[in-house]
Amino acid sequence: MSLSKVKHIVLVLSGKGGVGKSSVTTQLALSLSLAGHSVGVLDVDLTGPSIPRMFGIEEAKVTQAPGGWLPITVHEADASAGIGSLRVMSLGFLLPRRGDAVVWRGPKKTAMVRQFLSDVFWDELDYLLIDTPPGTSDEHISLAETLLQKARPDQLAGAVVVTTPQAVATADVRKELNFCTKTGIRVLGVIENMSGFVCPNCSECTNIFMSGGGEVMAKDFNVRFLGRIPIDPQFLVLIETGRSPRYPEGTSVNGQDISSAADAHTDSNETRDSALLVQKYKSCSLAPIFSAISATVVADAAAAT
Amino acid sequence: MAPSLEAPEPVEDVLANPLKQKPQLVAPEPEHCPGPESQQAGTADSCAGCPNQAICASAPKGPDPDLPLITARLAGVKHKILVLSGKGGVGKSTLTSQLAQALATNPDTTVGVMDTDICGPSIPKMLGVEAETIHVSSSGWSPVWAADNLAVMSIQFMLPNRDDAIIWRGPKKNGLIKQFLKDVEWGELDFLLVDTPPGTSDEHLSVNTFLKESRIEGAVVVTTPQEVSLLDVRKEIDFCRKAGIRILGLVENMSLFVCPKCTHATEIFQATTGGGRALADEMGIPFLGAVPLDPRLGMACDFGESFFDSFPDSPACVALKGVVRGLAGQMGLDPDEVVPVG
């Protein structure tokens, strides 16, 4: 079993699509890596893999080794900077062309999920984050079955459930929490994503998708609320173009001034080089929020073992 | 054998009668299973040694005997339209519910909405009929009527508790979709809108198979402007091409956000690669319009109100009306008749 060297497995789940499972997975991975942990990301969204795009490694191809696949390295560990290594595996790497549709029925998806869990050569990993497709169907059943059977109980730390604040989304995510209860997967906590948007022009915060829905849901289900994440267009720009986040003068998050100094960034490193992503992410307004969330997850995972 | 986590029939009455053509298997389908319903079932190379081999081999083959029943049931439906997107949360259900409400503004038009998102049904909430249940009569299941001329069908109506999770694998979902088409008394409908879950999997294949004979008018594909989303939507368009579904057009949702305080327009989801319009050009499909982000639209959906009644002058509403008119044009209908002006 290729998971034997993995210390903690964390699932990222949501009943609803497009709430930011993949962006949360990406940011959790980056902040865990910034905290010095070695991290692996497994993308089991078979029909819509987003993780390769998120890390800017769409062109990468998986290497086949005897008996399994080698994951793609986003960046190596850098002990002097206190950054852990980051490796990724996704179905996106196995497709001949990026626009190809993967039209698979359940049994084939199940087989692929099992193969992803057993045939990827993860090295020593502190954390394996598993990004999932929306819903509570084939992929999730297979994932839960395989993990509950094959992973050691101390390995499976639990699930981070992502939602957006509006009722339409929480209605579906409530189903996902019930799925976790039924299958016996521990819920590490709920993240409320896309909670508020700060206008870059006038700094007025608008709750586009309302606010607070995730917190209420966490309370209803008696699970921990990990935090509220605002929409930051600069993070999207970072992912899409590789440009370092820049904020106008006077922008502050939780009382901390994060506006960029005018001379801080030159255009020399503004490429979509995946190795630099983790460095650039440090200057994103969301980085401190995720750093706190990942610290909670780390503490919780350590307590579970 | 591995313990199964599938819920043991949470909605017993839903699937009271098992699917006729699906053989009862004694073991789970193996990895390279050609599918128990396929032509090669029981005879393919990978079937050798499978405990199901004899069962599959003796199961009835050929076209599904229920297909003519579905075609007969849907004979009174004039236009069947799918709403698709490879990506989740881009607004498929929002668009479906708003399209339905826009079409239903014409009192002479009868509209049906079928929600095939089994694991995350949103349509009942958006149309304000979440608490309803369906009625079963000798002639079939009656859909829930959200308005005088707007019928809705969703799995949400069959759940004993609102938050129950439907932990189903593919074949069971297919069975339910078939029942929605075969057993629901849709009656005479001008439009049947089919809302789908994200992806390109069981639900999409089934809807296409079951509706092929009764002819699908086409599909509306929804996207958001950023490349992460376009990437998945490209796959969905590829799927439509492979499945032979005509694409009526592409709608870009959540394009711009206008700050309510300073009216500054921000591209929250930046279209770094040209957004929906560029994708439509690249794929050679019609672009039906861009709908801006409006917090009031989200709120209208949360409370199940009609956005068209509450905020008829908002930019999002104007854009949605443009989409409906464009859609009508693509189907060869007169836009003024479909959505009367004024």
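Keep in mind that glycine also has a Cβ here, set from the backbone N, Cα and C atoms.
TrEMBL lists A:G15, A:K16, A:G17, A:G18, A:V19, A:G20, A:K21, A:S22 with the feature ATP binding site. The [4Fe-4S] cluster binding site annotation in TrEMBL covers A:C199, A:C202. Residues or ranges marked as region 'Disordered' in TrEMBL: A:247-267.
Location within the structure of each feature annotated in TrEMBL.
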| residue | record | DSSP class |
| --- | --- | --- |
| A:G15 | ATP binding site | coil |
| A:G20 | ATP binding site | coil |
| A:C199 | [4Fe-4S] cluster binding site | coil |
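The Cβ of A:S22 (ATP binding site) has 26 other Cβ atoms within 10 Å, all protein chains considered. Least packed by the Cβ count within 10 Å, out of the binding-site residues A:K16, A:K21, is A:K16. The Cβ of A:G20 has fewer other Cβ atoms within 10 Å than any other of the binding-site residues A:G17, A:G18, A:G20. Of all the binding-site residues listed here (A:V19, A:C199, A:C202), it is A:C202 whose C-beta has the fewest other C-beta atoms within 10 angstroms. Cβ environment of A:G15 (ATP binding site): A:P134, A:G135, A:T136, A:D172, A:V173, A:R174, A:K175, A:E176, A:F179 lie under 8 Å away, each six or more residues apart in the same chain.
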